[in-house]
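Here is what TrEMBL says about this protein:
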BINDING   A:Gly24, A:Leu25, A:Asp26, A:Asn27, A:Ala28, A:Gly29, A:Lys30, A:Thr31, A:Gly70, A:Asn126, A:Lys127, A:Gln128, A:Asp129  GTP binding site
BINDING   A:Thr31, A:Thr48  Mg(2+) binding site
Amino acid sequence: MGLLALLRKLRASSEQELRILLLGLDNAGKTTLLKQLANEDITHITPTQGFNIKSVQSTGFKLNVWDIGGQRKIRPYWRNYFENTDVLIYVIDSSDRRRFDETAEELSELLNEDKLEGVPLLVFANKQDLLGAAAPSELALGLALQTIKNRGWQIQACCACTGEGVQDGMNWICQTIKKK
Amino acid sequence: MFYQPVSYVSNFFGWLISPLLNFLKRILRPFIKWVLRRTTGLCELQRTCYCEPSGASRILGIENSLKQSKSVKVHTLLQFLDLAAREKRLTAAGSAQIIRNTVETICCIKKIHLDAHRPFTKLFGECVSIIWSLKQLLHDLEEIRTTAYDSSNMEHEKKLLELWNLLMPMKELDCRVSNLWKDIGFQGDDPKTDFRGMGLLGLENLHFFAKNYPEVALQVLSHSNHPIHGYSFAIVGINLTHLAYNLWKDGTAKSHIYNICCHHLQIPGPTLLHFHRFYCYLFIEFDKLWIAEKPATIMEFGRIRSKFENDIRSLLSNTNCLFKLNIPVEHV
C-alpha cells in the first residue's frame, strides 16, 4: 500500500461514515438538495436517470449521500439501495398538492420495508418559497408522521434552491446519530 | 495491493516533468517568438495563418495567441470584441465592419503592411469572425437555457405538443396532462417540470431532432422503449442537452465547431443549427453505446453516461475532430 493511501485511510477512520438515502417523487428536489449539500452549482440540474452519489463532510461525519431518481419507472429499484442505510431523507415538493397522496403512499411503503426498520427519517418539506406551499405541520398530518413509533423522525421546512433550512435538517441527523 | 515501482516512477515524472515543461515553455515563449519574428519577419498571428491548415488548428492558434498577448492594446481590442458579442452586434449587417476594424487595428499594432499581406488579412478576419460568432452564440444558448419552460406561454406549449405529434404520429394525445407523456420518456403526466436547468433549450433540442431526423428519432425512441434495455427518451435527451451545452461552454467542442465552420464555408461562424446538429450526433451515438453496453437496468445510466462523456471528450481533444451525423440504416 502506498503512503498516500495509508494516510488517507488513517484520516478516514477518525471520522464516522454515514450512508444516507435520499428518496422522494420526481421533481421533489432531491438532486438540488444533494448539490446544495455539496456546495455545487444548482442552476444546471436535469432529471435524474439512475442515481447520483456524493460524499459530503458535515460536523465530524462523512456523509455518503445517495440520490436515487424519483420517476415512477425507477421506484422499484429503490430497494436495491436500502442495505446499511443510516438515515433516510424523504423529500417532498410542498407546493405539489396534486401528488400529496402519491408521496404519502410511497413513504408509508418505505416505512414498512424490513431493511429500513428503525432507520431515522428526516422529511424535508421542500419548496417552501413557492406560492401555496403546504406548511410542515400540514404535511406531517397528511403523512401520518405522528403514528411512527419505531424510529426517530423529524420534518423540516426547507428551500433547497436557497439552502434555507437544509443545515437545520442535517444538524438533526448528526444529533440523532450521536445519541445512538 | 502490491507495490508498483513503475507506476510510482511514472507518476513521479508526471508530477515533476509536466509542470516543469509548462514552466519552461512559459519562460521561453517570448524568446522563441522573438527569434522567429526576427528570422521570418512575421508575427505569431501571421505565422499561424500561413502555416497552420485551415480549421480548428489555425483558429485555436489565433485564439491562443491573442489571449496570451501581453499588449494592452490587443487586450482592449479583445474586450471590445467580447462586448460586441455580448450585445449581439455580430449580425449579418454589423459583422463585416467590426471584423474589418479588428483586422486593421491588429495590423496597426503588429506593424503589418495591409497591402503586402492581403492573404493574412482575409484569413485572420475569418478566424476572428468565427471565434466571436461562437462567443455570441454561447450568449444566445444561455438565454434559451435560462428561459424556463412556461405552460402559460402558447409558443412553448405549441412546441411541446408538436414534439408529441412528431414522435407519436399515430397516437393522439388524450389531454394536455396525460400519462401518455411517459411513452416518449417524460417522468410524469406533465413534462413542464422535466426541463429544469436546461429550460427551453432541452425542448428545442428534442424538437429539432424529431423534426429534422424523424426516422432516426423514431428509431432511437423505439430503442428507448425496449422492455429490458430501455431508457427514458426525453429525460435522457434533456440530459444530453446538458452534455452538449457543457462541451460548448467549456470550449471542449471548439475543435469540432471550428472545423465544421471551415468545411462548410460558414464564414460568419457557427449558428444555433450547428448546436442542434451536434446534439443530434450525441443522441444517436449515445443510443448506439447504450445498445452495445446492454445495461441490465436503467440504474447503470450514470456509468454509461460518464463513459460516453469521456469518449466524446477524448475525440474532441483531437484538433482534426469533425463529427458527422451517422444516420444508421437498419436492415428491414
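Every residue gets a Cβ built from N, Cα and C, even glycine.
TrEMBL labels come from automatic prediction, so no person has curated them.
Positions of the features from TrEMBL, shown on the structure.
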{"residue": "A:Gly24", "record": "GTP binding site", "CB count, 10 Å": "23"}
{"residue": "A:Asp26", "record": "GTP binding site", "CB count, 10 Å": "22"}
{"residue": "A:Ala28", "record": "GTP binding site", "CB count, 10 Å": "24"}
{"residue": "A:Lys30", "record": "GTP binding site", "CB count, 10 Å": "29"}
{"residue": "A:Thr31", "record": "Mg(2+) binding site", "CB count, 10 Å": "24"}
{"residue": "A:Thr48", "record": "Mg(2+) binding site", "CB count, 10 Å": "23"}
{"residue": "A:Gly70", "record": "GTP binding site", "CB count, 10 Å": "26"}
{"residue": "A:Lys127", "record": "GTP binding site", "CB count, 10 Å": "25"}
{"residue": "A:Asp129", "record": "GTP binding site", "CB count, 10 Å": "14"}
### Query
Could you state the CA-to-CA distance between A:Gly24 (GTP binding site) and A:Thr31 (Mg(2+) binding site) to the nearest Å?
10
#### Entry: Local backbone state of A:Lys30 (GTP binding site), from DSSP in three classes
helix
### Query
Near chain B: which of the binding-site residues A:Gly24, A:Asp26, A:Ala28, A:Thr31 have their Cβ closer than 8 Å to one of its Cβ atoms?
A:Asp26
### Message
Quick check for the class: what is the C-alpha distance, in angstrom and rounded, between A:Lys30 (GTP binding site) and A:Thr48 (Mg(2+) binding site)?
### Response
9
### Task
Provide, as an integer number of angstrom, the distance between the C-alpha atoms of A:Asp26 (GTP binding site) and A:Thr48 (Mg(2+) binding site).
8
### Task
For A:Thr48 (Mg(2+) binding site), identify the closest of the binding-site residues A:Ala28, A:Gly70, A:Lys127, A:Asp129, judging by Cα separation.
A:Gly70
### Task
Going by DSSP, give the three-state secondary structure for A:Gly70 (GTP binding site).
coil
### Query
When you look at A:Gly24, A:Leu25, A:Asp26, A:Asn27, A:Ala28, A:Gly29, A:Lys30, A:Thr31, A:Gly70, A:Asn126, A:Lys127, A:Gln128, A:Asp129, which the record names as binding GTP, what is the longest CA to CA distance in angstrom?
21
## Note on the structure
Rounded Cα distance in angstrom between A:Asp129 (GTP binding site) and A:Thr31 (Mg(2+) binding site) is 17
### Message
Please report the distance from the Cα of A:Gly70 (GTP binding site) to the Cα of A:Thr31 (Mg(2+) binding site), rounded to the nearest angstrom.
### Response
10
### Query
Secondary structure at A:Asp129 (GTP binding site) (DSSP, helix/strand/coil)?
coil
### Query
Using DSSP and three states only, what is A:Gly24 (GTP binding site)?
strand
